Amino acid sequence: KQLLCLLFLSFYVTSSYSQLSHNFYQHICPNVESIVRSAVTEKFRQTFVTAPATLRLFFHDCFVRGCDASVFLSHAKAEKDHHDDLSLAGDGFDTVIKAKAAVDSNPSCRYKVSCADILALATRDVVALTGGPSYKVELGRRDGRNSTRKSVQHKLPRPDFNLNQLNTMFASHGLSQTDMIALSGTHTLGFSHCGHFSKRIHSKDGIDRTLNRQYALQLKQMCPVNVDPRLVIDMDPTTPHTFDNAYYKNLQQGKGLFSSDQVLFTDARSRPT
């Protein structure tokens, strides 16, 4: 059963929401960060999938309507019903739902913290839990009221994008090529279904030449032509459970799972970064 992040803030939010700040909840729910962190840590202890699922959920939410948790809304033809969102793991949604419940169980915090902020905090927490850096999160987002399947169309990068397509999409959000390369590094966690890269290993023209041949042969064994569509492969073949810089080292060895990953190293414009 999928719970909704209700729009409690409709009755609470003032114009101050136009400005995000690190101490937004200082006088409203001062312990919000520790409450969320505790709930996320408990979920992470139950399943590692919590980390990549939450991270990917945050990206999919932010790139469609901004970071407003509109991907949580359920109704006919909502965002999460678009085919690009159908593969979002349920553990990401569950992480935020449980953290929201933990926050609302505190009387002083009840119905005062947006799901959008909780998702942003939870994402920071899963990065830290997997060995990545912790960082300050600016808060004060409002939960979105609108969520349509149509709004997702052409808003998320595809695994076969070239550098121009990646740069164009990220630039539409005010992000530079360097920003795009940094954000691509989140593929150091997570997994992909075989169908998202099968053309690179099962083409009539042979194996994609930018792909490390030994790695490609391993992928062909794990993802044969008639593979179960539910089978998933780690994005990072070296340290799949650690938020580190192995993703970039993999690209230098031709081990980027998607062509949109490998192009960051094969294209002379992005290779120096």
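Just so it is clear, glycine is given a Cβ too, placed from its N, Cα and C backbone atoms.
Reviewing Cys115, Cys223, the cysteine that TrEMBL connects to Cys194 via a disulfide bond turns out to be Cys223. In the disulfide annotation of TrEMBL, Cys62 is paired with Cys67 out of the candidates Cys29, Cys67. The disulfide partner of Cys29, as annotated in TrEMBL and taken from the candidates Cys109, Cys115, is Cys109. Rounded to a whole value, the Cα-Cα separation of Gly66 (Ca(2+) 1 binding site) and His60 (active site, proton acceptor) is 9 Å. Listed recorded positions near Ser70 (Ca(2+) 1 binding site): Cys62 (candidates Cys29, Arg56, Cys62, Cys109, Cys223, Thr239; Cα-Cα distance within 10 Å).
Annotation: Cys67 are the recorded positions among Cys67, Cys109, Asp236, Asp244 whose CA atoms are within 10 angstroms of the CA of Asp61 (Ca(2+) 1 binding site). Excluding Thr188, Asp236, Thr239, Asp244 themselves, the residues of that chain whose CB lies within 8 A of the CB mean position for the Ca(2+) 2 site are, in sequence, Leu189, Thr238, Pro240, His241, Thr242, Phe243, Asn245, Ala246, Tyr247.
Taking Arg56 (site 'Transition state stabilizer') as the reference point, none of the recorded positions Cys29, Asp68, Glu79, Cys109, Thr188, Asp236 has a C-alpha atom within 10 Å of its C-alpha.
Within 8 Å of the Cβ centroid of the Ca(2+) 1 site, not counting the listed residues Asp61, Val64, Gly66, Asp68, Ser70, Glu79, the chain contributes Cys62, Arg65, Cys67, Ala69, Val71, Gly144, Ser147, Ser151.
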